[in-house]
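For reference, Swiss-Prot has these:
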| type | residues | note |
| --- | --- | --- |
| ACT_SITE | 12 | active site, proton acceptor |
| BINDING | 78, 152, 173, 174 | substrate binding site |
| ACT_SITE | 197 | active site, proton donor |
């Protein structure tokens, strides 16, 4: 099995890249792809860049050029569900765009034409992520992860997302685009991210401070999953 791993920023992929052996680096457009082995498993690791378009470009490059069997999106997210704290793990059951609106034509909020209302994560990958989180003794929550091209720092924007998507667990800027591309190509995916901030008025300061912690936590989750993927 070849495992695709996607992170937006250097901080979100550098630990895994550092563990990779027989590593080859490819720069394709805005995407950086590291190809090699991690703990004996065949891995292609994408640093996509930030935002939905960069994530979609990179994921398309990954799927077309390197043909992974599954995709895991790793990195950080802003916690929205009550009780989530920095370092907690969120696992996607589904993803949606919080900034897409074609409701004038009868679509659900966040739904684009010719697409489902949400992109469902692979149930086996979701269950594996939950198993690893429990095995590692982590606080974890499964649910809807919403994506958009804005860093959410509380206020009206966060309130609107909660109103539009009551089950929302966490927010970030790439997952739904990655899921969209995986859906289009028929590749199973899951999002496994660690909370770096609470998506509130202190989010910017919290994100800068806690990103390294979130990156380490999500990386440890991915390594646990790699050990059991066959």
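Every residue, even glycine, has its Cβ placed from backbone N, Cα and C.
Residue pair residue 152 (substrate binding site) / the residue listed as 'active site, proton donor' shows a Cα separation of 10 Å.
For residue 173 (substrate binding site), applying a Cβ distance below 8 Å and a minimum sequence separation of six or more within one chain yields 8, 50, 51, 52, 55, 147, 148, 149, 150, 151.
Ranking the recorded positions 12, 174 by how many other Cβ atoms lie within 10 angstroms of each Cβ puts 12 at the bottom. Residue 174 (substrate binding site) sits 16 Å from the residue listed as 'active site, proton donor', taking the CA atoms of both as reference points.
For the substrate site, whose binding residues are given in the record as 78, 152, 173, 174, the maximum C-alpha distance rounds to 13 Å. Straight-line distance linking the Cα atoms of residue 197 (active site, proton donor) and residue 78 (substrate binding site), rounded to a whole number, equals 5 Å. In the three-state DSSP assignment, the secondary structure recorded for residue 197 (active site, proton donor) is strand. A sphere of 10 angstroms centred on the C-beta of residue 152 (substrate binding site) encloses 24 other C-beta atoms.
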